[in-house]
Amino acid sequence: MTAKGPGFLGDLPPGHRERLLTVAREVSFPAGMRIFEEGGVADRFWILRSGRVALDTHEPGRGAMVVETLGEGDLLGWSWLFEPYRWHLGAQTRDAVAAYEFDADQIRSAIDEDPAFGLAVTRCVAAVAIGRRLRAARTRLLDMYAPPGTARQARSGGAAP
Amino acid sequence: MTALHADMAPVPYRVVRRRDETADTAEIVLEPVSSALPPCRPGQFAMVYAFGVGDIPLSLSGIDGHRLTHTVRAVGAVSRALYGLRPGATVGVRGPFGTGWDLDTATGRDLVIVAGGLGLAPLRPLVAAALGAPPSFGRLTVLIGTRTPGDLLCTRDIDAWRANGADVHITVDRPDTDWTGDVGVVTTLLDRAEFVPGNAAAFLCGPEVMIRATAREFAHRGLAPDRIRVSLERTMHCGTGHCGHCQLGPLLLCRDGPVVAWTRAEPLLPVREL
């Protein structure tokens with residue numbers, strides 16, 4: 001076994017994974033395609049099978065600012081799970097992308113009807129998507145805004161006199 | 001008068017090559033003027049003295065016989081002086097100091113090398129050593145995180161590493177409009193690394209916050225903590241374990257480090273009093 005690519009599906013228990021995949025549609029997007037826009041209705045989500053997607057936000061006059069990129073195995077979109085079901089960021093393909101696409105209404109209904117399935121999916125979204133990305137964002141913040149004069153670059157001259 | 005040992009007295013070295021790496025970072029290659037330092041190992045560092053200004057600890061970013069390569073970012077008086085050196089200039093060098101990466105301990109294993117920012121410089125000779133002995137190791141993956149595309153070091157080396165079979169992934173915190181690669185912190189690249197957790201070794205160098213997050217993620221994925229080697233930073237001064245500037249609990253990092261196993265580092269890093 002290698003550590004590569006368990007991704008979102010790999011973290012779901014097998015039974016729930018199979019159930020989720022029975023309602024998946026296989027889709028593909030060309031490079032450079034906008035998948036969704038910030039503020040739009042989060043009525044679908046995707047699990048990437050190949051290719052990369054950039055999450056971005058727009059600032060008037062400055063264009064798109066890429067916040068993060070997602071790759072193989074990653075969950076694209078979690079705003080569909082929580083009200084108000086609107087995208088917090090936009091998404092655009094970096095390369096040609098193949099993905100499993102899911103209908104948000106359908107999955108939310110399944111979550112409501114089957115608490116075990118709901119718990120597994122919600123736990124997976126929280127752990128894999130939100131938790132991991134939150135830790136990454138915090139690491140990035142701490143790195144970007146570390147106190148000046150710390151010794152972390154000392155052996156390349158950074159904090160030395 | 002008693003002669004001073006090489007770890008106390010600077011040995012004259014001459015700059016034989018200098019190359020800009022980024023807008024504020026340069027690679028300088030040094031050759032001994034006469035006598036040379038003892039052999040250096042990847043992961044160790046030297047104290048490099050800009051005459052009349054002072055000395056600072058610099059990791060070895062290249063080792064070729066008696067030739068030493070250092071990568072220096074111009075941020076303080078000494079580092080600016082070293083950054084500004086041109087071929088023909090002379091510096092004083094003490095060392096080598098500290099522990100190395102000890103690649104031999106990873107024989108037969110997949111290697112995952114993770115660098116944040118300037119942390120790529122001390123990992124460069126490790127990658128070169130691993131690529132120089134391909135049957136001795138499994139897959140070689142190099143994961144690099146940097147703030148902006150313009151801050152990326154070793155760009156020419158990276159092409160060569162890829163050509164020689166290394167799987168190299170790069171991510172940036174702040175992309176510019178031309179950047180088409182990954183965006184995010186380097187830990188997010190771990191999903192791209194192909195390795196067998198039970199038979200892999202990891203080598204980490206970069207900001208401490210990145211090291212902690214990455215080492216924890218490796219451990220979470222099943223890599224034994226004693227096979228995660230990290231390079232820690234504290235203010236090295238004497239290089240010989242006497243002055244105590246680089247103390248981290250029971251460790252004097254200029255002597256007991258900078259490279260230590262995660263099993264030694266992990267319990268120390270969260271201790272507030274340290």
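Keep in mind that glycine also has a Cβ here, set from the backbone N, Cα and C atoms.
Now, the feature entries from TrEMBL:
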DOMAIN    B:8-103  domain 'FAD-binding FR-type'
BINDING   B:C238, B:C243, B:C246, B:C254  [2Fe-2S] cluster binding site
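Known features from TrEMBL, placed on the structure.
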| residue | record | DSSP class |
| --- | --- | --- |
| B:C238 | [2Fe-2S] cluster binding site | coil |
| B:C243 | [2Fe-2S] cluster binding site | coil |
| B:C254 | [2Fe-2S] cluster binding site | helix |
Practice item. Under 8 Å Cβ to Cβ from B:C254 ([2Fe-2S] cluster binding site), same chain, six or more residues apart: give me those in sequence order, or none if nothing qualifies. Key: B:F45, B:P57, B:F97, B:G98, B:M236, B:H237, B:C238, B:G239, B:T240, B:G241, B:C246
Point to revise | Most Cβ neighbours inside 10 Å, all chains, among the binding-site residues B:C238, B:C243, B:C246 | key: B:C246
Exercise for review: Sort the residues of the domain 'FAD-binding FR-type' (B:8-103) into helix, strand and coil with DSSP and give the three counts.
Suggested key: 8 helix, 52 strand, 36 coil
